[in-house]
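To keep things clear, I will list the structure first and then write my remarks on it.
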Amino acid sequence: MSHQPYFADNHPMTSTLNADPAELAKFSDLAHRWWDLEGEFRPLHQINPLRLEWINHLCPVAGQQVLDVGCGGGILADSMARLGAQVTGIDLASKALRVAQLHALEAQTPNLQYQEISVEALAAQQPGSFDVVTCMEMLEHVPDPASVVRACATLVKPGGWVFFSTLNRSPKSFVLAIVGAEYVLNLLPRGTHEYAKMIRPSELASYCRSVELDLRHTRGMQYNPLTRRYWMSDDTSVNYLFATQKSNAAIL
């Protein structure tokens, strides 16, 4: 039997998706640049070791069933698979998923599969199937982030971990993440983020509480444009990360 990374297209009708067509087109148009370390996705490659170390420290992923929601070109999914996790990456940006699949084939990563499916649709099909769910840099790109949080909570097993990272809706975030990163430093393509879609930590915490995800750890992430270095901090005014754990008694 061939042990190749698996790709499934399980795409529901577009009108029912919790997705912004403009956002999907944006990331699909850049699909060929996902694995260019000096391209538009350079910031994701730079922060990936920090995200991975933090996740793996709180919940070692080796041997775990892991779901990466909004996986894009597979940067985080690939890294978790290399640590020994059984990883499923899902996204609705078709071209980005094809890039992720090709990279997995070239890297010969048999414990990594991809599906083109919404997180809500997968939650209806496979509730309680994963030990760990990651949803990184994705919530600020969807019309209904609370729906994504609920689906993530449904997909994880009781006692399992769900990790989120997103951007705070704050004046500092507007200046640094939009004006600075997109228009001054050109770290990201212009239009990557919309201020109105950013999410305050208090809002994300409320979404989590409503679906019995207990907040265990919060971290911020900062960037020095002179040294081009990212690091973790306690400052959540721009980029921040949540580590949550599903209540053992939760039934969604």
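Please read every residue number as a count from 1 along the shown chain.
Keep in mind that glycine also has a Cβ here, set from the backbone N, Cα and C atoms.
Residues or ranges marked as S-adenosyl-L-methionine binding site by Swiss-Prot on the basis of sequence analysis: ARG51, GLY70, ASP91, MET136. Following the DSSP three-state reduction, the secondary structure of GLY70 (S-adenosyl-L-methionine binding site) is coil. Under 8 Å, Cβ to Cβ, and six or more positions away along its own chain, GLY70 (S-adenosyl-L-methionine binding site) finds ILE90, ASP91, VAL119, CYS135, MET136, GLU137, MET138, HIS141.
In terms of local Cβ density within 10 Å, ASP91 ranks first among the binding-site residues ARG51, ASP91, MET136. Largest Cα-to-Cα span within the S-adenosyl-L-methionine-binding set ARG51, GLY70, ASP91, MET136: 19 Å. In the three-state DSSP classification, ARG51 (S-adenosyl-L-methionine binding site) falls within a helix.
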